[in-house]
Ligand SMILES: [K+]
Ligand SMILES: [K+]
């Protein structure tokens, strides 16, 4: 009986991945529910414990209870551990253990790793995982140290080190959790260039994906980037700069956001809020005070999200690039989709459409349902659902007011978003089979 | 000098189509600006005259001034003529004149017709146009007569005939204009089965597209439908029934909409408001009283819209079908997209993506801009922009409050929506050329 289940789970790497995530969330829920995890006087319900565990494991950062004031250092440690495991991918962590135990990594485990890191080929996957851990820990250590140095100006060294560690790991993993209390995120540092620039660099490094990071590290020697890295880097640059310009344009006259700041701080805040939706979830301003146009812009930045194989969510920068190029190709009457002098395979285009449309459909349906269960404006609901599904973690304030069914739906969206819609499809669906015959081509009128 | 322009316009059928539409709107504007077109005491600005002419020619039905109370019978006649010309397509009308004058239809004119009706081949296009006119006028005559018979119960026979004619033509052309005053649309007939069912039938007939109508008329003899007709008919059925069920589910407890009605009237109203967004624009209830979930649903029904080659807008039912099937094919691991036992060409899929993404991008950008220029809720702005672009004509009440720039943007959206994004692309863009060489295939990670 149990063996049958084990076989069913093991038969499909995507299935193992999805179930692994679910198990980690379950363990996290139990740990957060321990009396030692919450401060005295705080009564954490099972639902809120599960919500917090899911949000941390899916590196989303939507919070129903304030991380800084409701949890003890133990509880905060659990959250940080879930972020680290969820961010790096539980299989990556699992492999490290296997390495340390000098056990051979099996083919099945390699297949799961491949799914987890979204890598096209099996070759070198273990080498990549070792690099992932090395780079991630190096960047996190450097980030934590730099944060700690800055925080020492405001608090005692011990607390500054702990805060540095928490925010270094949380920001690099695009997790969106913070310890500053009262759901304020990094508001206290809105005019601080050091904290802003450090956060922006950590967020971008975390959201590029490990393949791109490895490519960048090798660049001084190899003097070339892979096609994938070129696309991810150029889209990141384009979206970051384009988003910042639009935010600046929409908000510089808004007295509740950028208005009162100096030009330098305005540019800094615009840049942070352009980077953060894809999909870090930190903020230095009150998002509910942004203009509707800016909020709508953030929704689309969240929807596009980070690059594949990273800690971030969304449909991914490369998907967005393929779709844009497909549109341009049709408009220019070309039948090939060309990117950096390479032709794209047809099945990549179909995959890009599938990811995008499925994501869009899911956001639409869940927004519709939450519009009924929650008594909030449409913008707040759409923003929250998109944020959950893209594991972005930004909120216009709906999270804490969510009804019971609302919390469960938002949890489900974080889970779907982190596991990835395609992975989930393959996890649930039947094995792809070859059709026995092909149908004749038919004509249909479009548009 | 002038000859050069004429050559530039004539060189591209899509360009001729777009410019033809613009000219008709210009003529309509001048006619509506005549003192004889508006009632005494009404001061119609040039902008509002242009808005009304654009709304009528693009069969949208968004109105800044009330058709029933602001315009004289002459002005209403101009609006109806614009609806008829815009609905049937000005080239269709032009061809009829050519027929009556026994002049030969030139190849260039046939090419424009082909673009206008979105037909794949030139053969039989003139025959199709004759059918278009015949079917349209027959259905309009029958619809007008039935409306008139019903209206005779409420008004004198002369007025009833005029009202019957106006609403028969307006409803079949999915134009959304009405004469009942105070922007009430068909509210007075919310519980009237005759008016509701007649409207639903006329809207559906108008939104199926003439190719499907011709196919249906021939069905008793040929006993088979084309692939295109099968797809358009099944999607229409699916969207109509599915939409009605969701509206019923979302609204039956809403005291401001379906709540106070009996079960029969509830079903009738749900059906009408499921059909109307795609893209007729009539209503029997106050749309701003609908729940947010229902309003969001209507936005997506508007976005999907009618079938190709019809009087309606949106990305079209067939586009939606192709996208859905593409997603299902990828999920099931199939490389062919199969519909009614036919394989879809790859370029159809690319075209479907292009239409959808370009439409989505346009709606997003204009919604963002209008969120800044107009002081209304996000939902009202998104609803209005989608309605204009899909030539649906439903509104949550923003139209009359629109600022000057807002009116111009909404006019532009109605125009883009009616001409069609792809047609406009080809109208502006360079001629598609064959690339001299192909690039090698490259790999990129998606999702
Ligand atoms: K996040
Ligand atoms: K309409």
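Here the Cβ of each residue, glycine as well, is placed from N, Cα and C on the backbone.
Keep in mind that TrEMBL annotations are predicted by a computer and have not been checked by a curator.
As the structure is a computational prediction, the values presented were derived from the model and not from experiment.
According to TrEMBL, the protein carries these features:
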TRANSMEM  B:16-34  transmembrane segment
TRANSMEM  B:46-65  transmembrane segment
TRANSMEM  B:77-101  transmembrane segment
TRANSMEM  B:132-152  transmembrane segment
TRANSMEM  B:194-219  transmembrane segment
TRANSMEM  B:231-250  transmembrane segment
TRANSMEM  B:298-331  transmembrane segment
TRANSMEM  B:352-372  transmembrane segment
TRANSMEM  B:408-428  transmembrane segment
Candidate ranges B:16-34, B:132-152, B:194-219, B:231-250, B:352-372 - greatest C-beta contact count to the transmembrane segment (B:46-65) (under 8 angstroms): B:16-34
Best-contacting stretch, by C-beta pairs under 8 Å, relative to the transmembrane segment (B:231-250) and drawn from B:132-152, B:194-219, B:298-331, B:352-372: B:298-331
Intrachain residues whose Cβ lies under 8 Å of the transmembrane segment (B:132-152), provided they are six or more past its termini: 87-88, 92, 96, 117, 159-161, 163-165, 167-169, 171-172, 192, 194-195, 198, 202, 205-206, 210, 213-214, 217
Tertiary contacts of the transmembrane segment (B:194-219), as residues 6+ beyond its ends and Cβ separation under 8 Å: 87, 117, 119, 128, 131-132, 135-136, 139, 143, 146-147, 150, 168, 171-174, 186, 225-226, 228-229, 232-233, 236, 240, 268-269, 271-272, 275-276, 278-280, 282, 284, 306-312
